[in-house]
Amino acid sequence: MTPPPPGRAAPSAPRARVLSLPARFGLPLRLRLLLVFWVAAASAQGHSRSGPRISAVWKGQDHVDFSQPEPHTVLFHEPGSFSVWVGGRGKVYHFNFPEGKNASVRTVNIGSTKGSCQDKQDCGNYITLLERRGNGLLVCGTNARKPSCWNLVNDSVVMSLGEMKGYAPFSPDENSLVLFEGDEVYSTIRKQEYNGKIPRFRRIRGESELYTSDTVMQNPQFIKATIVHQDQAYDDKIYYFFREDNPDKNPEAPLNVSRVAQLCRGDQGGESSLSVSKWNTFLKAMLVCSDAATNRNFNRLQDVFLLPDPSGQWRDTRVYGVFSNPWNYSAVCVYSLGDIDRVFRTSSLKGYHMGLPNPRPGMCLPKKQPIPTETFQVADSHPEVAQRVEPMGPLKTPLFHSKYHYQKVVVHRMQASNGETFHVLYLTTDRGTIHKVVESGDQDHSFVFNIMEIQPFHRAAAIQAISLDADRRKLYVTSQWEVSQVPLDMCEVYSGGCHGCLMSRDPYCGWDQDRCVSIYSSQRSVLQSINPAEPHRECPNPKPDEAPLQKVSLARNSRYYLTCPMESRHATYLWRHEENVEQSCEPGHQSPSCILFIENLTARQYGHYRCEAQEGSYLREAQHWELLPEDRALAEQLMGHARALAASFWLGVLPTLILGLLVH
């Protein structure tokens, strides 16, 4: 039964009863124990502070609908611009989000131009790649299973000439990765539809075309690729992240393992006929993301985001990895490129027990020298290094783990008003929401806090793509229905005055005398407190304002609900009648409200009811109600009328009396 709002009595209804499942259905003891364990685990997870503190809906005008449902989208945005390009089915959408104005959209049609297909679902032209090339936009799509590319210049579409194999897959459902670096192009897309079933990482444009050996990866799912410019140009590396089938077939071993692979960008292939067209510097290492304290392992890599060091030190680039386990719980582990590089440079090879050849496998050679055949043969037969890549920090554990299933991540490095640096993670969930998580401190003593859950769309849907514009401090997200621009600050969602603003621990926001504002929009210094356990104590007023008193008159023996909005999921909510606790709602409660149900109102249940929110040492009164008997309420109403009549009488008589006194 849906609770009526406060102020309305509930209609009569039978008392709810809870049946004991084991007793009712005679479940076996082992299953009963499993049920008890599952309920206890679910309850424990509900108390985790890794969940978002509040939930917020982005109500801005920066939403634009597609002209049709788009089951597959690709997003392209250039930092600092107001434009977003989105590739859909036979269309490229150009969205414009000017500051302070409504968003607009233009559409360019790019239909199928050739090819024949048997499955009608694959007969469209699904755009899978958008990339700036010269003064135009390179657009590549499936083109009815005959992948092709076009150049888009000023809304004019021209088909690209020349060999374009490897730029787009044959189906939008295929796992694919394309990396551009200057005139070089790297791809994991097969060139032919009906051969080359084994996935490879290729250089498809550059000095010489190369591909990985067919034995070095087992059914890989590619996640991210990047090029890292190191101290010497010949030492520049290509790193790509993927997961693959676990070669360990032990029934207790995980099905998948997560990897990072390295290649030398200057790799020219080998000397022999077997190695001349292959990458000769391929090595791979396992990415570890596990928590020994809870015995939880997260072995399925979902996404990777690289955050460069602000001083330009490539070794200090932070690699944020989102992992999941078979139960769809998630963890975020952070690695450094320096640690990854060290593992590849110093580790022995797994399963190889002889002396390593010189140059050692994976080593980049100057002056474009070819890799000796012996070095290639050792690396090709033993491509995995023995040492594993572990997270940063002394404990080598995840930054945090959560019961939520995270799928994508972007990270913004920002400075608060006092100059302190924070890393703010934006993680997409399988529920179509975004979690905003702040990380501060050094790798030895990090502070992590889940600020909020953002609902970015007008129409709830899965998030297909996300892009961060650090310059304009915006997120761009797409679903099958719409594209949305979301600001990184959103300070207006925090209620509760100064205390509520500071309790958010949002580094983008601060208290400016009378409201919670973005530090980027305020013209003067604002009050902020991010790390402390008691940020509310920084406010000038020691206590938050009390809730306004609300009164309602009720007849005896009636039913009634009192509702208290649960703004913070980290707080415990208590309904008190006078001094007695009548109802408690614990942290992590998924209900939007803490409800006190009065089934049969008696004389002693009239009086004052207060809903208190307790969050650490922060205590505030969220609701204050007084339940009055109907006869008393009527008496108070009559007394109020009498006072009003008396006041009006004296207001009419006093001028006459005063005038009389003045005359005499």
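Keep in mind that glycine also has a Cβ here, set from the backbone N, Cα and C atoms.
The annotation signal peptide is assigned in Swiss-Prot to 1-44.
Per Swiss-Prot, domain 'Sema' is recorded for 53-488.
Marked as N-linked glycosylation site by Swiss-Prot: Asn102 (among others). Look at Asn102 (N-linked glycosylation site): DSSP puts it in coil. There are 11 other CB atoms within 10 A of the CB of Asn102 (N-linked glycosylation site), with all protein chains counted.
A 10 Å cutoff on Cβ-Cβ distances gives Cys123 (disulfide bond) a total of 15 other Cβ atoms nearby, all chains included. What Swiss-Prot records for Cys117-Cys123 (among others) is disulfide bond, and it gives similarity to another entry as the kind of evidence.
Per Swiss-Prot, the feature asymmetric dimethylarginine maps to Arg132. Other Cβ atoms within 10 Å of the Cβ of Arg132 (asymmetric dimethylarginine), summed over all protein chains shown, number 12. DSSP assigns Arg132 (asymmetric dimethylarginine) to a strand segment in the three-state reduction.
The disulfide bond annotation in Swiss-Prot covers Cys140-Cys149 (among others), and the record cites similarity to another entry as its basis. The C-beta environment of Cys140 (disulfide bond), restricted to residues of the same chain at least 6 apart in sequence and closer than 8 Å, consists of Ile127, Thr128, Leu129, Pro147, Ser148, Cys149, Trp150, Met164, Tyr167, Ala168.
According to Swiss-Prot, the feature N-linked glycosylation site maps to Asn154 (among others), an assignment based on sequence analysis. According to DSSP, Asn154 (N-linked glycosylation site) is assigned to coil rather than to any helix or strand. Within the same chain, no residue at least six positions away from Asn154 (N-linked glycosylation site) has a Cβ under 8 Å of its Cβ.
According to Swiss-Prot, the feature N-linked glycosylation site maps to Asn256 (among others), an assignment based on sequence analysis. DSSP assigns Asn256 (N-linked glycosylation site) to a strand in the three-state reduction. Other Cβ atoms within 10 Å of the Cβ of Asn256 (N-linked glycosylation site), summed over all protein chains shown, number 18.
Neighbours of Cys264 (disulfide bond), defined as other CB atoms within 10 A of its CB across all chains, total 20. Secondary structure at Cys264 (disulfide bond), as computed by DSSP, is strand. Positions annotated as disulfide bond by Swiss-Prot: Cys264-Cys364 (among others).
Cβ neighbours within 10 Å of Cys333 (disulfide bond), excluding its own Cβ and spanning all shown chains: 28. Taken from Swiss-Prot, the feature disulfide bond covers Cys289-Cys333 (among others).
DSSP assigns Asn328 (N-linked glycosylation site) to coil, not to a helix or a strand. Annotation comment: Swiss-Prot describes Asn328 (among others) as N-linked glycosylation site, evidence class sequence analysis.
What Swiss-Prot records for Cys491-Cys509 (among others) is disulfide bond. Under DSSP, Cys509 (disulfide bond) is assigned to a strand (E or B) in the three-state scheme. Long-range Cβ proximity for Cys509 (disulfide bond), meaning a same-chain Cβ under 8 A and a gap of 6 or more residues, is found for Asp489, Cys491, Tyr494, Cys501, Cys516, Val517, Ser518, Ile519, Gln528.
According to DSSP, Cys539 (disulfide bond) is assigned to coil rather than to any helix or strand. The disulfide bond annotation in Swiss-Prot covers Cys498-Cys539 (among others), and the record cites similarity to another entry as its basis.
What Swiss-Prot records for Cys501-Cys516 (among others) is disulfide bond, and it gives similarity to another entry as the kind of evidence. When Cβ atoms from all protein chains are considered, those within 10 Å of Cys501 (disulfide bond) total 27, not counting its own.
Under the heading domain 'Ig-like C2-type', Swiss-Prot lists 542-627.
Long-range Cβ contacts of Cys611 (disulfide bond) within its own chain (separation 6+, distance under 8 Å): Ala547, Leu562, Cys564, Tyr573, Leu574, Trp575, Arg576, Cys594, Leu596, Glu621, Ala622, Gln623, His624. According to DSSP, Cys611 (disulfide bond) sits within a strand segment. What Swiss-Prot lists as disulfide bond is Cys564-Cys611 (among others), and the listing cites similarity to another entry.
Under the DSSP three-state reduction, Cys364 (disulfide bond) is assigned to coil, being neither helix nor strand. Residues near Asn600 (N-linked glycosylation site) in space but far in sequence (CB under 8 A, at least 6 apart, same chain), listed by position: Asn557, Arg559.
When the Cα of Cys333 (disulfide bond) is compared against those of the disulfide-bonded residues Cys264, Cys364, Cys539, Cys585, the shortest separation belongs to Cys264. Close to Asn328 (N-linked glycosylation site) in the fold, though at least 6 residues off in sequence, lie His405, Asp430, each with a CB less than 8 Å from its CB. Between the disulfide-bonded residues Cys289, Cys491, Cys289 has the most other Cβ atoms inside 10 Å of its own Cβ, all protein chains included. Around Cys364 (disulfide bond), the C-beta neighbours below 8 angstroms that are at least 6 residues distant in the chain are Tyr234, Asp235, Asp236, Lys237, Cys264, Arg265, Gly266, Asp267, Thr281.
Residues within less than 8 Å, Cβ to Cβ, of Cys498 (disulfide bond) and separated from it by at least 6 positions along the same chain comprise Trp511, Leu527, His536, Cys539, Pro540, Asn541. Secondary structure at Cys501 (disulfide bond), as computed by DSSP, is helix.
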